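Structure first, then comments.
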Amino acid sequence: MLRVVLITGISGSGKSVALRMLEDSGFTCVDNLPLRFLTEFVAVSHDDGMERVAVAIDVRSPGELAELPNVITALRAMGTQLSVVFLDASTETLAQRYSESRRRHPLTDRASRGEKSASLTDCIALERELLAPLRDQEHVIDTTDLTPGQLRSWIRELIDADRAPLVLTFQSFAYKRGVPNDADLVFDVRCLPNPYYDRNLRPLTGRDQPVADWLAGFEIVQRMIDDIDGFIRRWLPQYTLDTRNYLTVAVGCTGGQHRSVYVVEELARRFSEHDPLLVRHRTQLPDESA
């Protein structure tokens, strides 16, 4: 069966990084292929005996984007193993990346009005509007806090895991950096006792045994984990029936170092029977409170 990966998302969110990783992993990759050629390209790839292809799609042809859901349906009807990944990032992060690269946004001309040139923020806002229908199609990865190496690792894990009906991901995050855009379910554990205020535990993370032992000693912590566990087990079958391929459960505390990391590790242990299961920790910085 031909494996097809479509990479789409906001310009500057890391599509080129993702495509290079796939190319290094043995995929035949095409960047910025016009959407009207996608079905034909996949058919030819299949006829030529290719096993893995990846295509990056952006908004250079915005008029075609409305057809992407139909194209995705057609590709699946062809019997391909299809994965669609949508990359996103905060507007501030995108603006910073454009400033560092000094690249021109692909929608600059389209967003401009008359003689007034559009600002970068205007271009990003227009692109979000154009891509909004696609964002809910498949798996979303928020690259705001990710290094290129982390993004490559996340894409590799996702592609390796994307063989089952539903990929379950648990990730911890820091509220001080904002709720990740790729979260389907969000649980706030800032109400739990905070190991940060114990000087011996402050430099550690929720993956370290002393922190785990400290948090495990509080009944309220165990009740919180039990409640999250029960909610997910109650509704996971329904998410699967909804033809969803991915479910990302995000758990946040103030700094993303102690409480959220511990809760995610405990949830991952409890759901270890689910295959595939991914665990991600967005922030584990020893100098920031959790």
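Keep in mind that glycine also has a Cβ here, set from the backbone N, Cα and C atoms.
Cβ neighbour count for K15 (ATP binding site): 23 (other Cβ atoms within 10 Å of its Cβ, all protein chains included). The ATP binding site annotation in Swiss-Prot covers G9, I10, S11, G12, S13, G14, K15, S16, and the record cites sequence analysis as its basis.
Sequence annotations record features per position, and here Swiss-Prot assigns GTP binding site to D58, V59, R60, S61 based on sequence analysis. Its Cβ placed at the centre, D58 (GTP binding site) has 21 other Cβ atoms within 10 Å.
Of the chain residues outside the ATP site list G9, I10, S11, G12, S13, G14, K15, S16, D58, L87, A89, L94, T143 have their Cβ within 8 Å of the site's Cβ mean position. Cβ crowding, taken as the number of other Cβ atoms within 10 Å, peaks at S13 among the binding-site residues S11, S13, S16. Within its own chain, G12 (ATP binding site) has A89, L94, R97, Y98, S101, R103, H105 as residues 6 or more apart in sequence whose C-beta sits under 8 angstroms from its own.
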